[in-house]
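Heads up: the structure comes next, in structure tokens.
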Amino acid sequence: MTIPSETTAEPTAAIAPAASGGDLVGRSPGQLMWRRFRRDPTGMISAVIVLLFILVAVAAPLISLLYGKDPYTTYGQDRPGLLNDFGFPLLPNGGISSEFWFGIEPGLGRDVFMQLVYGIRTSLLIALAATVATTLIGIVIGIVAGYVGGRTDYLIGRVIDVLLSFPSTLFIIAFMPVLENIMVKPEEETPVWLRAAALITFLTVFGWAGLARLLRGNVLSLREREFVEAAKVTGASPARIVFRELLPNLWTPILIQSTLLLPALVTSEAALSFLGVGMIEPTPDWGRMFLRGTEVYTDDITYLMFPGIALLIFVIAFNLLGDSVRDAFDPKIRR
Amino acid sequence: MLRFLTRRGLGAAFILLIVAAVTFFLFFAVPGDPARLACGKVCPPETLVQARHNLGLDQPIFVQFVEWVSGIFVGRDYEELGHCPAPCLGYSFVNREPVFGTIVDRLPVTLSLTVGAAIIFLLFGVGTGIIAALNQGKALDKVASVSSLIGASVQIYFVGTLAMYFLVFQWQIIERPRYVPITEDPIGWAYGLLLPWIVLAIIFTANYTRMTRSTMVEQLSEDYVRTARAKGMSARTVVLRFALRGTLTPIATIFGIDLATLIGGAIITETTFSLQGIGRLSIQSVNNDDLPMLMATVLLAAAAIVVFNVIVDALYAVIDPRVRLS
């Protein structure tokens, strides 16, 4: 069951129709959340922007087809007259033209627009996978720690302490070469899936602890509530208590946390790529665009602008969306 | 208080030991051979064995770890390099310098970067937060919330590089960031680090503005603030002596985390501005397979986090006398 709070019995939704003689309309917390969310223009606009990014990621091959270019061909090197002898675009502003909308990548001469469009795919996929994994592990461990309590809780608490004290970025940078040393023979090249899987794993390993600690706290207070006690007295199995009594009351913090987690992971992935342990060539990736952009910025600042501004818009939209989701779920919290 | 500090200190030491052990075993357990690196390009088998022996790599990993830990407290003796006094973190595989000395050399850079930026973002963030809370819903509040949203969403490697491009190279308003010891030239020290400080402040301020604003809004509607107002206290006293005190706890929490993260190695910032601090050192030691150096930077970063956790928890009791340390 879900705790009936003041928020679920919103006066405007439930009482007003009754006063005017209409029927009482029962609405689930989800419906109420959606109604509140729809009335929030900032939330709606940011949701549209986020959806747009996802749409671009999904439709990348279609965009590539219509645009007539792909992210791998080195146009600048194949065709003379695009790059100068030092590998920089001849045209001003990074070689922006009607043919190359966002210009040409310095050096390799690939199309920047296509790099950006396909780059969303990589960044989003990795961040999404890591978010899902982090959330699942965080839910399971948080509930176990809070519900079982005792020695299990103590042990999990210490593991979380250690993980939160770990310098995670440094550790990932240091351990990535070690991992490749183990998994890949020296004469072979590192497969792309290995890097992607390693990134997702590392981000997850260091990511779940925060959510687990938060949910543990929530479960600790929920465990003592009457409705859980009532369920126990009526002989409900632990599985029933966890899934039917506890979990429905945890969806709000879980949803809020994961909406805020996704953009954080997108930027983490970009930061790791920027530090050289992210995705490898030739997979298009925003983080690697940053790395290349900071290498050549004194000669070609335009190349850095595109991933920079795109990531900025994405993160702002997602942060605003996260705030709006929180407001919609819990209008009592004022930011 | 003393009991609290002892208990938490022991807990912190335990966490550090675990972090060190995990890092140590993961890195020493891998096939890559640091002795081969120390031995040089052309490496005859006998020399390799000798190099391995000199680095202590011919011993079981567990023994190596115990020696490494005891070296921190009582020092170690190396056959080739002689005695390494206590806090001994070993010798670098690459240049055979004592690791502890290198850390001591690099730490001032990172500390200067952190302290300067922290002063700016703490004062500025809390200040704008208070102003926004006092002007709730007005234009000033909106400006503060929009700019903190942008600040919170922007990346150091993007703003930092843009700042370098425009301010340093295009318009030449400021020189390339560099580190001058404060003991040598305090003005040069501040001037050399001004750009990184501002860029770090742009990113970190946002959090403080939001946190201060939201807690301040809550505090201002509390009964005790109303009482203070009713007693005829000036607005300044009410805000600064009463309401601000209530906002200090969450601010202390994030300030502790931010300081710890920065001291543990502002990797991205130092890379962006090419400052030779701990963050750069850690990246360089990864690239050089310099395990003793890497261990030291990992330990330092973890130590910064656990130490600041204890400090922040102890501070809670100072800020709010109702908090009882346990």
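Cβ from N, Cα, C; glycine included.
Pulled from TrEMBL:
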TRANSMEM  B:12-30  transmembrane segment
DOMAIN    B:107-312  domain 'ABC transmembrane type-1'
TRANSMEM  B:111-134  transmembrane segment
TRANSMEM  B:146-168  transmembrane segment
TRANSMEM  B:188-206  transmembrane segment
TRANSMEM  B:251-273  transmembrane segment
TRANSMEM  B:293-319  transmembrane segment
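Taking residue pairs at least 6 apart in sequence, the transmembrane segment (B:12-30) and the transmembrane segment (B:251-273) share fewer than three C-beta contacts under 8 angstroms.
Long-range contacts of the transmembrane segment (B:146-168) within its own chain (CB-CB distance under 8 A, at least 6 residues past either end) are made by residues 128, 174-176, 195-196, 198-200, 202-203, 205-207, 209-210, 268-269, 271-273. Remote same-chain residues near the transmembrane segment (B:111-134) are listed as 140-141, 144-145, 148, 179, 182, 189-190, 193, 196-198, 200-201, 204-213, 216-217, 220, 239, 244, 247, 251, 255, 258-259, 262-263, 266, 269-270, 275, 277 (criterion: CB distance under 8 Å, separation of at least six residues from the stretch ends).
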